[in-house]
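Chemist: Got a structure here, written out as structure tokens. Questions coming.
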């Protein structure tokens, strides 16, 4: 059965956060449902659709931004009470808009995630989880990393309360009361949780999760241990997951999986005979999808997928066909309806244009008066700066509630800007002087009309750290700009993991001194990404990391007065030694630094680099041959005389050139890593070998792994 959906844009509210739109339960099966949505202006809007027009049910007054919206009610009854989290307060409204609850929690931070089950209210701030029953404190838990979402398995099926926290450190934490029952490691930082099939499946223990790197998985969270059922890999390199729902849009009695991503992709998966998800349908919206729901909205009997986007658009993908078959009378009626709608929209547009002109004149007059005050229009920027494990690059995503005019990118640290296929902006580079001002990059992205989302790819070099700045200018008057800053950390290509191979040859760096646990933790936060800024509550902590480019590892264990860092890459230890000693000197803290270098680790690291270097050298050689081979082909008229290897290069020429174009300075980057490894090896022995670097580069130009290892061994 072919799935054909028609897009309908219903209305626009203010900027929305994740999980802030719901469909109220219908009075009967396949009857139209009301939509309720909360925005950053603090307004809760409830409306229904009648003859294609949005008809308001109620609208609250503005206030603090709404960060979550959930439906609740007594267990085993229709969930039609509306609860919103705003600041540290939870408010409750009836489906008619009457406020019946205003609960000021004891949280010192704003509420980030919320779940409701009967009389039980589960709230999370950045690191704190609180459970309330009838607005009275029940349980409390302090998480080791930031909490992104919370869900409780259905009490009706389990007869016990089992909350689950989705945390930034790639962990799902399963709680029992105020205690941690166990932890489940997932493949990426989980951003959203949902019950499978809307009810947790037959057992009530099946949990769907979505990650910030675009993966979706199903886990059975039993009381003893978790069972991983399946996972959808993000092979198409799409955006992170922001919302998940289940709904039977095909009408075959089995609920499909609905997924909304932060790059605007809406996906529908159904399940094959082995219960594995298969992508059935996708649709691209122009901005991130903050909420997704399946239901009946536009017309009785026609199911649809409803989505809300970052800038507040409520959009439906309906099964109702555009052209209906029928007699002449019905066709006339439809066309009349459409004419009325077009006429109404024209009138509304003319009215808005007049209003804009009036307001613009009013602004011009007030700006020329002697008592004029400068008014800078405020706008919201939704940004995300994340490390991609697949290609060891950073993604910078900038999303604005209105169209972007241009983005100026400046960096005081050497970085490469990579091509992004879905990026339609025109980039131009400006010359910059790196010496006096430490200005290594100045680039301007000029966006096409109506671009509200821009994605950039950045590749950094470990050991070189500083600040990346993005100046975002939207298409609004008067012209204004917003500055977004991102830290490029000394070990920027390292990513948190939970297990490492302890059998590798490791180098050790040991620190001792009069520093507090909070001080050394702040140094580690400065050096490495994905470390929680909040100081851990334990007396000591261990973090594991993996280099996304070389696959080398790092173990970091520290407590008050001492720190131990182990890595199979000498360069990682060298960077840590330089940066940590510099940070301690800033605070006038004396450090006792010692290290234990394992000679075997150097050859081990060279062997890890070998396949990458060999591949890049081969790619560069193939690309150099393409032009000459094409000339031969034109001259001879065919490729039959060429050996198979050269024929293969010509056949794959476009792919090879595209890959080579996507990897600027890749070979130089690998050369740089080997050079750093060479210098760092002898630096720990107290020998300066910088004069031997030209000889090393000669060996690399005629690369042979054994010759390179022999050079490293003989250089002493």
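Backbone N, Cα and C atoms are what each Cβ position is placed from, and that goes for glycine too.
Any TrEMBL annotation is an automated prediction that lacks curation.
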Chemist: What range among 335-362, 363-390, 391-418 does TrEMBL describe as coiled coil?
Modeler: 335-362
Chemist: Work out, from DSSP, the number of helix, strand and coil residues along the domain 'BBS7 helical hairpin' (599-712).
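Modeler: Output for the domain 'BBS7 helical hairpin' (599-712) reads 93 helix, 0 strand, 21 coil.
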Chemist: With pairs 6 or more apart in sequence, are the domain 'BBS7 beta-propeller' (21-319) and the domain 'BBS7 platform' (494-596) linked by at least 3 Cβ pairs under 8 Å?
Modeler: yes
Chemist: In terms of Cβ proximity under 8 Å, which residues at least six beyond the ends of the coiled coil (335-362) contact it?
Modeler: 51-53, 477
